[in-house]
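See below for the structure under consideration.
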């Protein structure tokens, strides 16, 4: 209660100072106006601190992993304070791309060949100026996997690279086929169920730096792909640990949620047009496999997946594809430490589909579940431009695994 009162006083003071600068001085000239504003501020602060600001739920399958996180990644046990004027799920999701900064990153691009004759675009941040890991052969390497139509230019990827730079690490971004401006050499794109391209990338990166600690972090669909890979391969991976953020655990539940009228209007239709745009640029490559005119008339992600993705990867039905794409069914087979951050108010990944009981069966898995945060939002602070809760979880976890991961072995 003493901590609550202190937080209340601090928040009330911040709100009143903010309002004094934003509202006309004439209004505050009257004691009544000032009393009303301060009264509202205190009432809102009480509601915020009692109902919005909460500690995340930490779910682990083993006591050792839980203790490890509490000791070396304490952010997962601390109260998360969502941005006071924007804590609702859709608001956090929509605002994050516009309000968060985009730190400048100079990439080195590499195109690698695949077994089927295609190519994958990798964007490297070598961090050759690292003073903590001056030997490139042993410099920790973080493989980053963006979301559905994301690339190395996404703000959340740039933030992860900036934080990795502070730690002295090297990063490499895995851009899915055909989305980062490279030519598509074969009639094949990507999906979160097929892990062949990711396996190729992991093998390639590890072959370049076999002595370097190697970790991965996936966001949204990138996290789904990463978990499906880990679930298939178990412990036989060169990765020492992984983190995922805002993963869709059950593809059927994700689609159902995104097809609700408001969510369809705000997110689903836009993402569908992005998917259509990404494949339409390579339209000539697909005309023998799919009816592109039919694909371009899709009005939802599910329709796009039924007409394009499931056909592209040889699934008999859309249900077969969605079953195979859901990471929750493979979670018990993950063989390395994995931290998964989700918000229970994420409309992309509804809370009832988060595999809490399944996670408890695997000592390598930790779920960190916040009450608010939206989809890849996790905004915090009065003006959340430089850092998010997700950023802090990422930084603390990768540092903990690089520096103290041996404690889990």
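For all residues, glycine too, the Cβ spot is worked out from N, Cα and C.
Values in this document were obtained by computation on a predicted structure and should not be read as measured data.
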If you look at how TrEMBL annotates this chain, which of 25-50, 51-76 comes out as transmembrane segment? 25-50
Cα distance (Å, whole number) from residue 375 (active site, charge relay system) to residue 346 (active site, charge relay system): 5
Close in space but at least six residues away in sequence, with Cβ under 8 Å from that of residue 375 (active site, charge relay system), the same-chain residues are 89, 92, 93, 220, 246, 343, 346, 347, 348, 349
Other C-beta atoms within 10 angstroms of the C-beta of residue 346 (active site, charge relay system) total 28
